[in-house]
Amino acid sequence: MDVYRLLPGDNCGECGTKTCMGFATELIERRGEVDDCPPMLEPEREDDRKELVELLTPPVRPVTIGTGDNAFVIGGEEVVYRHEKTWYNQAAIIIDVDDEMEGEELKEKVNWISDYSRIKIGQELSFNGIAVRAKSEDPSKFKEAVELVAENTTYPLVLCSYDSEVLKSGLEIVSDRNPLLYAANMDNWEKVADLAIEHDCPMVIGSTDIDEIVEISTRALSKGVEDDQIVLDPGTDPTDLRSTTNRLVKLRRAAIEDEFEPLRFPLLGIPSTAWMSEEDENDAAFMEASIACALVVNSIDALIFHSDEIWSLMPSLVLRQDLYQDPRNPASVEPELNEVGDPDENSPILITANFALTYYTVEGDCEGIDAYIYPVDTDGTSVTSAVAGDLMTADKIVDAIEEEKFAEKVSHKNLILPGKAAVLSGQIEVDSGWNVMVGPEDSSGIKDFLADNWPPKEE
Amino acid sequence: MRLYNKEKIQKVLKEVLQSIQSIDLEEDEIVLEGVDVDAGGFEFEVSPKAIPQSQLMPSIAEEEEIEIEEYEPILREWENQIQEIPMGATRADGGTRGEVVKLGGEKCLPFYPDCENPHMPIVTFDTFDSKVPLPGVISKHYEEVIGHPGEWAKKSVEEYGAEMVTIHLTSTDPKGNDTPPKEAAKSVEEVLEAVDVPLVIGGSGNPDKDPAVLEAAAEVAEDERCLLASATLDLDWKRIADAAMEYNHNILAWTTIDINLQKELNRRLMNYGVDRDRIVMDPTTAALGYGIEYSVSVMQRIRMSGLGGDEELEFPISNGVTNAWGAREAWMGAEVPKEKYDEEWGPREFRGPLWEVFTGFSMILAGSDLLMSLHPRSVMVLKEMVDRLSGEREGLSNIENWVTAY
């Protein structure tokens, strides 16, 4: 209602929604932005517009890092626990490099970070940014490294040094790329804040002392740093995870439950610190990953890693994908006859469940072959659960043969059922007259199964 | 004369001053009338300086010192405490276990600043009474003990420091060996003799046969206070409840990622007469990448309901972390001879255990009290992480140096 009150109220429809009330709902559900409404941009509505924007700003202020297609937003969260609504902006996964790495080595790591991509449940898993650490503490050396990194990636960058002269030398190369400056502390905050203001880029405030964070952020805001340009690093201690996670909980509550202005910012965690406490590389990568796990479950907004081993990074990519699924919409796909590759009337029809994860796993396993896949409407549950819970039944499959007109798509009468749904095969054959072939238990075996069994032998 | 709390007077004064901000302060004295400070006619002398300048004269405020607001972090107190469950019985209680392991007792969310955890989460090692299909990276650690549950349990305790052991009587599966319950129970005796840690006893998961298997196992383990796994809604849970009460054991109440089903099963057990200190819940563990978000959220909701006073949900939680090995990212590569998975996902010697660590550690952070786990490296890392969360460990003094340290 507060939102609606501030809108023009003439139902002009220019925003694409018929009524202002409808647009208000879109705004509250975060499906639209205030600027989608052209009348709100008129000068005489400036005050209302400002009030509306502030009203719609989530308790944790969103911060944008980088520019262009790879820019990402962190923060913007409204709830501490995902089940209370949903978490919105995935925790950013950033990997560090340093300015003492050899040119080729640096280039190779930067390219690997930027190129990594994997599709899971129909979504792309990739990293978000690169942190350049000024290990040398030498401005000219840092500048050189930043230059090399910037030439080899369009990913957003984090410039890491407590020396404002070093940060400045990095900014000479990438000030137009909206990098994140790391980090302001009690000693240097004024100079870092000056850089953030001058170059209009976000900055990190780092301290394990919440009082210090409050003091620096209050002063930085008063000095003129924008309230959507601050990120907080409350310290990731690899051996004392208790205080580490407790600080996260306190800060998240401060932002969301208290809406305490000096702390309404996204939180940065640095599992990379595990490399300070472990000697062995594999141990360090294991610890780094496990620390990241604790931070992601406790709703961190961004993470900096050191490892470049995919086995240690993939679990974090997957965990954040999982936890940022919207719990209000169970991940499922439409129950319809889908095509993979270029199927014709001789291609097999594979049956599976409409749980998104199941469906996309099967689809991925069919890469390179031509087939139809029919995901039965199992209320978004997996084959195993659906068979056990009577959500995947012979009746549903028999009905689908009719409704989805399987007979018009193919010239044969064969269905391939998941191995875990074998129990349904008899009834399907009796009720539909189609022949049922029981496929593999795990869809990774589909290609081998088809190689041995398709086309089916004439009886 | 009655003394007045200085802070209280300051607080009242502050409120009063805030309420008179709009008054033009030309006087140097204000008489406060009708202000209830319980002091019968207070008279304050107020200098205009006592009111923040910024609220009176914005032009001067810019030159003033910035006010830093103090922040007092929220600490939450819950109404209820999670039920404490003793696992195992020592000689004093009629059993033969070396120590009793306690689960539960939490007064707030796991490892939150609001309270201390009375007990750290415990890992129980899985063992099996027969050959089961295990990924190669796991079975290679247990090759010589597979098929010998006593030896397996011993190895888990002596080599890997297991605080509890689970014996899964998988050989009883009618679709497999179909071992009779009484014969299968011998494996339980074997494990009880081999180690003195508390046990979890599992069936094969066959709903028709498990009650008989668990009855027989409960009988041979009388008074050892084992955890019988599991009572579910789709089998004759009353027989398992009877066995637990008759032979002095605990019950694992297992449901499928659904808070209402969990309440339903717990309620039935309680109404049937099962003591509150015998119930542990298993709301099902979905693996990382395969629905873990459902498990995390259901567990957090269950724990919050329990702490908030829902007596049907105030029990400790157990998680079958071994489920992580069902994820293809964990196992693929060995059984399916495709090197490409090692190339794409990294060596399975690492990715498998780490997948189990992520699944287990997420459960710990969502409220788990007991983890059923399998790979020695996963268990080692999980125990190390729990230790780092305990609050007992000293931190590094120089974490800010990460920028230049390595």
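Backbone N, Cα and C atoms are what each Cβ position is placed from, and that goes for glycine too.
Lifted from TrEMBL, the feature list:
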DOMAIN    A:1-54  domain '4Fe-4S'
BINDING   A:C12, A:C15, A:C20, A:C37  [4Fe-4S] cluster binding site
BINDING   A:T352, A:T358, A:G380, A:T381, A:S382, A:V383, A:S443  5-methoxybenzimidazolylcob(I)amide binding site
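In sequence order, A:Y4, A:L7, A:P8, A:G9, A:D10, A:N11 are the residues near A:C20 ([4Fe-4S] cluster binding site), counting only same-chain partners six or more apart with C-beta under 8 A. Closest to A:C12 ([4Fe-4S] cluster binding site) in space, going by CA atoms and restricting to the binding-site residues A:T352, A:G380, A:T381, A:V383, A:S443, is A:G380. Listed in sequence order, the residues A:L7, A:P8, A:D10, A:N11, A:G13, A:E14, A:T17, A:F23, A:D36, A:P38, A:P39, A:M40 complete the 8 Å Cβ shell around the [4Fe-4S] cluster site centroid, once A:C12, A:C15, A:C20, A:C37 themselves are left out. In the shown protein chains, 27 other C-beta atoms lie within 10 A of the C-beta of A:T352 (5-methoxybenzimidazolylcob(I)amide binding site). Per DSSP, the domain '4Fe-4S' (A:1-54) is made up of 33 helix, 0 strand, 21 coil. The maximum pairwise C-alpha distance among A:T352, A:T358, A:G380, A:T381, A:S382, A:V383, A:S443, the residues recorded as binding 5-methoxybenzimidazolylcob(I)amide, is 17 Å. Geometry remark: A:C15 ([4Fe-4S] cluster binding site) versus A:T358 (5-methoxybenzimidazolylcob(I)amide binding site), CA distance 38 Å. Around A:T381 (5-methoxybenzimidazolylcob(I)amide binding site), a 10 Å sphere centred on its CB holds 22 further CB atoms from the protein chains shown. Within the same chain, residues at least 6 positions away in sequence whose Cβ sits under 8 Å from that of A:C37 ([4Fe-4S] cluster binding site) are A:L7, A:P8, A:E14, A:C15, A:F23. Around the Cβ of A:S382 (5-methoxybenzimidazolylcob(I)amide binding site), 24 further Cβ atoms fall within 10 Å across all displayed protein chains. All protein chains included, A:G380 (5-methoxybenzimidazolylcob(I)amide binding site) registers 21 other Cβ atoms within 10 Å of its own Cβ. Counting other Cβ atoms within 10 Å of each Cβ, the binding-site residues A:T358, A:S443 show the lowest value at A:S443.
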